[in-house]
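Quick look at what TrEMBL annotates:
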DOMAIN    1-46  domain 'F-box'
REPEAT    85-126  repeat 'WD'
REGION    277-322  region 'Disordered'
COMPBIAS  277-286  compositional bias 'Low complexity'
REPEAT    523-555  repeat 'WD'
Amino acid sequence: MCGPALPDSLVLEIFLHLPHDAVLSAGLTCRQWLAVSRDEFLWRELFYSYYRIPRTVPRHPASVSWYREFKRLYDCIPCEEVQTLTEHHDQVLHLAFSHRGHRFSSCSKDCTIKLWDTERPDGIISLVHSSSMLHFNWAYTQFSQFNADDSLLLVSGVYLGPHQSSSGEIAVISLDNYTLLSRVRNKPYDVFGCWLNESHLISGNLHWIGNITSCSVFWLNKAFQDIESENVNVVKRLFQIQNVNASTVRTVMVAHSRRHDNPDLLLDYEAQSLARAQSRARAPRSGPHQTLHFDLGGTDSEEDGSGEEEEEEEEEASYRVRCRGAGSAELEAEATVARMMGRAYTKTPDPSLITASAPGEGEDKTYLLFTTGSLTYSPHQIGIKRIMPDQMSTSGPVLGGERSSEEFFDSLDHVIDIHGHIIGMGLSPDHRYLYVNSRAWPAGCVISDPMCPPPIAEEIDLHVIDLKNLREEKMILRSHKAYTPNDECFFIFLDVSRDFVASGAEDKHGYIWDRHYNICLARLAHQDVVNCVAFSPADQELLLSASDDSTIKVWRSPRMVRLARTPGPRRNLLPSWFTRYKTPATSTRK
């Protein structure tokens, strides 16, 4: 530089009025400006102003500097499209990574289950296997999940039964040779099913008792059913839940809730919510980087015999017709009788089974999580049932022989009401937090007819439930939208990584939020509804999105894209994407 140097304080004052990219460019001018451009106070101010976060919200406890924290949010979000997979020929509904992150599976309306390799030396994601389920009379595949050691794949689909009725089925596929090991009935099909451990999976069944009253049964199934001895149990009933007002159990998942001595999310949401309220009271903000954080406002048959299946499917196909034909007085009388029957024949809950854990205390617990309801058929509650160690195997009584005649139904251990139609759920990597996509009902609405649920909002609310404290945190993430009406709306899958949460939406975009600051960071564009997103468990800077436009898009962070383009020894980290795929920059930073 020519002439006398400016004082550091004056240079800092100038930099405080520049955007972050101009500060970085100015830091290349000389050593003095470079030192000032890394000043912690400067990047603290840039961080809060750029991301529009209240200054009372502290920096992430794991971060080492404001500069690096700014860079993490700006440079490590998987928001750049690097590859588009077009091997599916219909809507892609679901994606699931293996626990190692070396494979992922995809389900589609084209009725195939496809497996993909993410570890090729050239960096290109490639198809390694595809199986059609059409010859099993499936309409489409809808969900898949790898077991804990990545040796088996659970595939859930919609099975076409007699008289055009539809139920569900789960298939278990060996990943050694892609052979089919077993098939399990699953009803209704949107129970999806899930793994309990490496060798056992959970399915559902449904028995209608009346017009709006039913019984949902959870079954534990051994994956290797076709090779077990006839003297060894391969199926066992776990729980039997009474459903009222036309509701049913759906969307089953298992959370292995640890003691949480080292949770992956360290900020107290309640304190953060208060900080945001105070900040809004002092200086309301607006603009493209406005944080998207809002306070929460105002039959008894046991066996699955083939002779019963047609009868039950016919009953399922006609039950809503019967409900519409039944008068409101008749439905109200049935609901009253169902409540009385539930009180008389439900096993007494054990309050010690599910309790909030004090800091540093508690024990490892396994929870069965599912959507349910008590007011209408649309799922509006999260049901929680603890699974005890002696229930994690098919050994022991098969059909509930340990029960008395007065304990026909199992009680729910805990229920969380979302006050809206639940359309998606996802667990954090440590299984402490459950994220729930919901479309809210109007505030103060009253449901008088279980067959006529309230209208639902277009905005999707992303709720957070702490499974350690068994409560919903006082915060909601918003940005994504859905437009399908209440009686037709479908599941939109979300996923959670160490630092981020992502979700699909019906507005033709996927969305990514930061879990600590609760701000929306990027939108990922498709040509149609985005049904599912999935982070790689091995690398949260790799994200997949699946859409009704029949494609799977692969997204990488700007940092990884830049490394792939860097000449020298590091260029093989993410090689030839950019020579084979010339994709437009379709993501939008918030």
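Just so you know, glycine gets a Cβ as well, placed from its N, Cα and C.
TrEMBL labels come from automatic prediction, so no person has curated them.
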What residues elsewhere in the chain lie close to the repeat 'WD' (85-126), defined as a C-beta under 8 angstroms and at least 6 residues from its ends?
132-134, 138-146, 148-150, 153, 155-157, 173, 175, 178, 493, 528-529, 531-539, 542, 544-548, 550-554, 564, 572-577, 580
Near the repeat 'WD' (523-555), which same-chain residues lie under 8 Å Cβ to Cβ, leaving out any that are not at least 6 residues past its ends?
76-86, 88-102, 104, 106, 108, 118, 125, 429, 479, 490-500, 502-506, 508-512, 586-588, 590
When secondary structure is assigned with DSSP, how many helix, strand and coil residues does the repeat 'WD' (523-555) contain?
0 helix, 23 strand, 10 coil
